[in-house]
Amino acid sequence: MGNYFKALKETPSRFVDRLLTRSQDSVEIHDMKARSGHEMKKTLTWWDLMWFGVGAVIGSGIFVLTGQEARDSAGPAVVVSFVVSGVSAMLSVFCYTEFAVEIPVAGGSFAYLRVELGDFMAFIAAGNIILQYIVGGAAVARSWTSYFATLLNHKPDDFRIVANSLHEDYNHLDPISVGVCVIICVLAAIGTKGSSVFNYIASIIHMLVILFIVIAGFIRADFKNYSDFAPFGARGVFKSASVLFFAYIGFDAVSTMAEETKNPGRDIPIGLVGSMVLTTVCYCLMAAALCLMQPYGMIDPDAPFSVAFSAVGWDWAKYLVAFGALKGMTTVLLVGAIGQARYMTHIARAHMMPPWLAHVNAKTGTPINATVIMLTATALIAFFTKLGILADLLSVSTLFIFMLVAVALLVRRYYVTGETSSSDRTKFLVFLGLILASSAATAVYWDLEKDSWIGYCVTVPIWFLSTAGMKFLVAQARAPKLWGVPLVPWLPSASIAINIFLLGSIDAKSYIRFAIWTGVLLVYYFLFGLHATYDTAKETLKEKMALQNAEEGSVAAESSGAATSDH
């Protein structure tokens, strides 16, 4: 305790050290991995990653959110909302690919931000990703029970236990959701390759169900339903896009599997980009089919596709829709479980969480401890809680993290310690600040000014000129070795702009949740995480210095011996 209180007194200096010190690629790839005891098995190809991406993304979001947003916010133009959120997700995917290829470790965005923006920003980002996985996974697990009940022609509460002694928000106990989490935990723990086989078989079946929905929907289409295409205007389209971004959440879990990929330089770009293109096309076709079957005002917000098929006289099709939704939610839970365990593993490698969570099982090659802990938390929330969680409550933290990854990519390309000149560093920071400020100003202006467009004539040119200035006036300090994001800095700058713009369309409650959770993270970080990672970093540095001195002493001794022999 004496050492701990001494460390607490040093919190300001330790925080400055961790804020300014960045990790290195070699540390994340070699030193951090060694702390898990055993390496994860390299068994995945681009085919596995692509279906993991599809399985991670196409789940309950498309089956629920499409109806809600079409009826209340966008009308038939919800298909445009899917395109906007899909473009935002695709830009983020490109930013992730370069990091995942260059730093192929299980930490995902946590590892990337540690290298480019330091421990503190990495921890805040990772904490929000972990919350998103746990709460989102619990919501999907409870939705699994609801669709399972529909498939068996029952109401969801028929499969739940009502405990009247508990608060009404927590008294509908859901044992089926816990059972699903247990099964998912076993699948995720026994091996990534086995999970991959299960995932792409389930995903292919799911794609067949989606194909049926699209074809059947167009067969029963009434094009009069498209006569009022955008009843809520552009503002409704972008508001829906910020909510529908939730339907794309999950692809970042695929980047955490880079450590288990056979050929990261080839497999990760193909797998991630391929899955995102396939997902966006499916979403747009499904949204178009739904709005062609029913007038947007009559779409059911809770079970849009089931009710739509009933409305056109195909009542039997709702069972097929429920079956497809079950398949999608199962794979979302599986890939989410794999991804969140790997995030937790790498955080524990940095000693921001107990190192026990970083252990990789020698037989299965998977982080069993982290998998069990994360899914236990998911199952606990799913068992007790009525999750009336709006999608944008989960979208806000994800959009924030994706924006940070785009910033980190620009830092990676344009700033290398000891190599970038002071003038280039200054110009880079000025242009980056202008890109962030102009993007934020555009989002604020959109939110506050309903009719005028004059402000955009100022903010958009500033963004364009700042990006152009970075392109032509600042020399790139680092070139990618295996795979690089094209059109740098334009593509990551566009990713920053669109993510911030979508953040400006999310309601105030989302930011309250974000602030509360970030406050909890800060308390934990300053009381425990900061000191553990600081001590670990300094101890590692001492060990490296001792090893280096020993090697230099050995070389000196050999040289001295050789000189004596020559004499």
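Every residue, even glycine, has its Cβ placed from backbone N, Cα and C.
Sequence annotations record features per position, and here TrEMBL assigns domain 'Cationic amino acid transporter C-terminal' to 483-532. The transmembrane segment feature in TrEMBL is assigned to 44-65, 77-99, 120-141, 197-221, 270-296, 316-339, 360-384, 396-416, 428-446, 452-470, 482-502, 514-534.
Within the chain carrying the transmembrane segment (77-99), a Cβ under 8 angstroms from the stretch's Cβ atoms is held by residues 66, 69-70, 109, 111-112, 229-230, 232, 236-238, 240-242, 244-245, 247-248, 251-252, 255, 268-269, 272-273, 276-277, 279-280, 283-284, 287-288, 291, 296, 399, 402, 405-406, 408-409, 412, 480, 483-486, 491-492, 494-495, 498-499, 502, all 6 or more beyond its ends. The transmembrane segment (270-296) shares more Cβ pairs under 8 Å with 44-65 than with any other stretch in the list 44-65, 360-384, 428-446, 452-470, 514-534. Sequence-distant neighbours of the transmembrane segment (482-502) (same chain, 6+ residues past either end, Cβ-Cβ under 8 Å): 84-85, 87-88, 91-92, 94-95, 97-98, 101-102, 238, 241-242, 245, 264-265, 268-269, 395, 399-400, 402-403, 406-407, 409-410, 413-414, 435-436, 438-440, 442-443, 446, 463, 466-467, 470-471, 476.
Scored by C-beta pairs under 8 angstroms, the transmembrane segment (452-470) has its highest count with 428-446, from the stretches 44-65, 197-221, 316-339, 428-446.
For the domain 'Cationic amino acid transporter C-terminal' (483-532), the DSSP-based tally of helix, strand and coil residues reads 39 helix, 0 strand, 11 coil. If one looks beyond the transmembrane segment (197-221) by at least 6 residues along the same chain, the residues whose Cβ comes under 8 Å of a Cβ in the stretch are 47-48, 51-52, 54-55, 58, 187, 282, 285-286, 288-290, 292-293, 305, 308-309, 312-314, 317, 320-321, 323-324, 327-328, 330-331, 334-335. Among residues of the same chain six or more beyond the transmembrane segment (514-534), those with a C-beta under 8 A of the stretch's C-beta atoms are 4, 7-8, 11, 14-15, 17-18, 119-120, 123-124, 127-128, 131, 350-353, 396-397, 400.
For the domain 'Cationic amino acid transporter C-terminal' (483-532), the model gives a mean pLDDT of 87.
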